[in-house]
Amino acid sequence: MTHALFSPFTIAGISHHTASVADMESVRFPDEEAFLTRAGDWFKGVILLQTCNRIEIMVHGNADLLGTFLESEGRAGWQMWKDADALSHLLDLAAGLDSMVIGEDQILGQLRKSLSLSESMSVADPLITLCINKAIHAGSEARRISGINRGAVSIGSAAVLLAEEQLGSLAGRHILVLGTGEMGVLVTQALAAKQLSAIYVANRTFDRAQCLAEKVHGTAVPMADLYRYLTMSDVIICCTAAPHPVIKVQEVMEALKGRSWPLDHSRRPLIIVDIAQPRDVEEDVGKIPGVCLYTIDDLRKVNDDTAQFRKEAAEKVREFLDQELVQFIRLFNRKAADELLATLHSWAEQIRIRERDRALSRLSGCDDRVRDVTDDLTRVLTRKLLTDVTLTIRTCAERGEMKIAEDLVGAITRGENICSRTYD
């Protein structure tokens, strides 16, 4: 079976594999809805996936057009996958093979959320919707057959492991979690088993902080009291969705003045792990004496005792995804052919109705029976005339021969451009 696609599909991506936190911040799209609106004018379908360690743009369109669009957006440095390679990359994403923490589950929810946003803005066409749903299904199945997501496998849990490595143990420590979104929930869940003395949860919306704090027997913190609780904390893990830094140099320096406890022989170090994107903590906070600032870039070095198991499980996942790719291409091409055929049949139906009405107008005074027979006759003739064409286009789809199919449609329509190539 060929790996050619019947319609163009492209992914442009930047991730932790090739870029630092700062690099990803420079190309991030702060207003996702505005981006999708602009992209929707260029492509039949578009998905924007932005997480703490990757930005992926998936389009029903070709790589050259996507490259031109990104240049117009002032964004450069993207890695491109096109057609079958793009489908393969999407499967890797959904299965967690491309994640910083191999096998993590969060990517599935992030893909669903991205698709939902595109659907709500009417920029997810049937083909790109098929791609995301198929990838999510394959990713879920890959985890089921391999167990690759066994153990502590999330950016949130990796942040907790990093803090634990720096302090030796989190038992008896005071931890402040800033943010109550999906990542904040994962962080607090990972902390719940660490025998902490106290866990504080801060969020811009205090009710959400209270809700999460209650689940882990912690203390909700109003944002107005953030730096007072910073003074009492050994570790701060930051994971808000704020578009600007929340923890700033001057305020941290002030808070540190009251940080020593009466029985401390020396000033306790403050560990800050910033896993937000864009960053929650001003970069210069890491230069303050007594503060150790870590970002997503540092999570690559975390010693996770389940990593070796997941690496071995990844081999099983790879075999499964290789098989899934063949089916994925078949589904993709079938859906693309359906779209082309729907356009062709719609064009033919318009001609049928026009010619039927013209014939009936020449049969002045005809009764309903004549009208019904004429309608049936034109309908049957149209269907029969398109039968062989339909079969040929489906065969072209199986082979990924889009150009042959479009040339055939062009011959039938005498060059009338019923299949807009704007997105090719």
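Along the chain as shown, the residues are counted starting at 1.
Even glycines carry a Cβ here, placed using N, Cα and C.
These features come from Swiss-Prot:
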| type | residues | note |
| --- | --- | --- |
| ACT_SITE | CYS52 | active site, nucleophile |
| BINDING | THR51, CYS52, ASN53, ARG54, SER99, GLU104, ASP105, GLN106, GLN110 | substrate binding site |
| BINDING | GLY179, THR180, GLY181, GLU182, MET183, GLY184 | NADP(+) binding site |
| SITE | HIS89 | site 'Important for activity' |
Checklist entry - Measuring Cα to Cα, how many angstrom lie between HIS89 (site 'Important for activity') and GLY179 (NADP(+) binding site)? => result 30
Item to check | Residue among binding-site residues GLY179, THR180, GLU182, GLY184 with Cα closest to the Cα of THR51 (substrate binding site) | outcome: GLU182
Item to check | GLU182 (NADP(+) binding site) - helix vs strand vs coil (DSSP) | outcome: helix
Checklist outcome for this item: Here the Cα-Cα span from SER99 (substrate binding site) to the residue listed as 'active site, nucleophile', rounded to a whole number of angstrom, reaches 11
Checklist entry - Could you state the CA-to-CA distance between GLU182 (NADP(+) binding site) and GLN110 (substrate binding site) to the nearest Å? => result 10
Checklist outcome for this item: the residue listed as 'active site, nucleophile' sits from GLY179 (NADP(+) binding site) (Cα to Cα, rounded, in Å) at a distance of 13
Item to check | Residues within 8 Å of the THR51, CYS52, ASN53, ARG54, SER99, GLU104, ASP105, GLN106, GLN110 Cβ centre (excluding the substrate site residues themselves) | outcome: MET100, VAL101, ILE107, SER154, ILE155
Checklist entry - Judged by the number of other CB atoms within 10 angstroms, which among GLY179, GLY181, GLY184 is the least packed of the binding-site residues? => result GLY181
